[in-house]
Amino acid sequence: EEDLKSNPPCQPRACAIQDCLVKNGYQEKKCEKLIDLLYECCQAFYAKNGDEATSASCPKANLLRLKIEQRKQGIR
């Protein structure tokens, strides 16, 4: 909820991913939990504001849903 109020929404989670990637030599696998948390925030953002809403920290709603589905299927 707090991250939805940031400007832009979900930015703290996006920044956490960047920090994680830098610390881990850009190995995305080591930051997967943070990526999931960002997607969770973005999902809540779209649920609250509709699919046409925008946040620089979130992929577009249809792409977000695709990425979430791919992650559920183990496609990273």
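The backbone N, Cα and C atoms fix where each Cβ goes, glycine too.
Candidates considered were CYS41, CYS42; TrEMBL assigns the disulfide partner of CYS58 as CYS42. For CYS20, the disulfide partner recorded in TrEMBL among CYS10, CYS31 is CYS31. Candidates considered were CYS10, CYS15; the recorded disulfide partner of CYS41 in TrEMBL is CYS10. When each of the disulfide-bonded residues CYS20, CYS42, CYS58 is scored by how many other Cβ atoms sit within 10 Å of its Cβ, CYS20 comes out lowest.
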